[in-house]
Amino acid sequence: MVLIRVLANLLIIQLSYAQKSSELVIGGDECNINEHRSLVVLFNSSGALCGGTLINQEYVLAAAHCDMPNMQILLGVHSASVLNDDEQARDPEEKYFCLSSNNDTKWDKDIMLIRLNRPVNNSVHIAPLSLPSSPPSVGSVCRIMGWGKTIPTQETHPDVPHCANIKLFHYSLCRAVYVGMPAQSRILCAGILQGGIGSCQGDSGGPLICNGQFQGIVSATSKPCAHSLMPALYIKVFDYTDWIKSIIAGNTTVTCPP
């Protein structure tokens, strides 16, 4: 418990001085304490900050660009200033990536699977979120959450995670506004067209939940965050389920989807 408190104090510092390269929820409200049991915090003492999603007792899914040296993982956190009795801390034992040197596929390879150094115990504030059983539908209302910035122009982060509802759009909309995106991709396009609500610095790696299913990983946003007509980009989890399941089953040399 002493270690948890030390790490929690570090997290408070990170939320105050988080790097500008992370992502945060703009235009959202404080999450209910019971709706983010799978949300984890990835951070280190140098100021890096990201979210992630617990998918079973031993594995966390996040964005590849959230990889950082000396990574610490906190689970069961609601308030950075008030310790939950069931908060748990873990270190990464192994990290798995889908790296690509192909410009047409590097956009959608921003995914990292982390094996924890020891299993997590389910509790009141900690529970995994299962992988999706089917892909999401365009038009779905989806939920985002994280400790990212709540004001795009300020480097302040909330004490508790913020949540917001956004809409899933056709991929072609994001391709039209983000230069260099390929014709086909394993990326989801989601946001609010009028702007003002969306992921931002500090939210990277966190979940996109559509109709109760874990469908996306926060990957990239407009600059500034939640800009009108510029939805954010999310890695499509469904397309990687076979890769993820193979690694969990012990096949760590499995090939990523093309």
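For all residues, glycine too, the Cβ spot is worked out from N, Cα and C.
As given in Swiss-Prot:
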ACT_SITE  H65  active site, charge relay system
ACT_SITE  D110  active site, charge relay system
ACT_SITE  S204  active site, charge relay system
DISULFID  C31-C163  disulfide bond
DISULFID  C50-C66  disulfide bond
DISULFID  C98-C256  disulfide bond
DISULFID  C142-C210  disulfide bond
DISULFID  C174-C189  disulfide bond
DISULFID  C200-C225  disulfide bond
DOMAIN    25-249  domain 'Peptidase S1'
CARBOHYD  N44  N-linked glycosylation site
CARBOHYD  N103  N-linked glycosylation site
CARBOHYD  N121  N-linked glycosylation site
CARBOHYD  N251  N-linked glycosylation site
SIGNAL    1-18  signal peptide
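Structure with Swiss-Prot features highlighted.
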residue : record                      : Cβ contacts under 8 Å, 6 or more apart
C31     : disulfide bond              : H78, M145, V160, P161, H162, C163
N44     : N-linked glycosylation site : M68, P69, N70, M71, Q72
C66     : disulfide bond              : L42, A48, C50, G51, G52, M112, S204, G205
C142    : disulfide bond              : P136, N165, I166, K167, L168, A190, L208, I209, C210, Q215, G216
C174    : disulfide bond              : M181, I187, C189, P231, L233
N251    : N-linked glycosylation site : none
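Fewest other C-beta atoms within 10 Å: among the disulfide-bonded residues C50, C98, C200, C210, C256, that description fits C256. C225 (disulfide bond) and H65 (active site, charge relay system) have their C-alpha atoms 17 Å apart, to the nearest angstrom.
In the structure shown, the C-beta of C225 has more C-beta neighbours within 10 angstroms than that of any other entry among the disulfide-bonded residues C163, C189, C225. If you compare Cα positions, C256 (disulfide bond) sits closest to D110 out of the recorded positions H65, D110, C200.
Distances between the Cα of H65 (active site, charge relay system) and those of the recorded positions C98, D110, N121, C200 are shortest for D110. Ranked by CA distance from D110 (active site, charge relay system), the recorded positions C98, N121, C200 have C98 at the top as the closest.
Under DSSP, D110 (active site, charge relay system) is assigned to coil, being neither helix nor strand in the three-state scheme. Highest Cβ count within 10 Å among the recorded positions N121, S204: S204. Within 10 Å of the C-beta atom of H65 (active site, charge relay system) sit 17 other C-beta atoms, taking all shown protein chains into account. The two recorded residues, C200 (disulfide bond) and C98 (disulfide bond), show a Cα separation of 24 Å.
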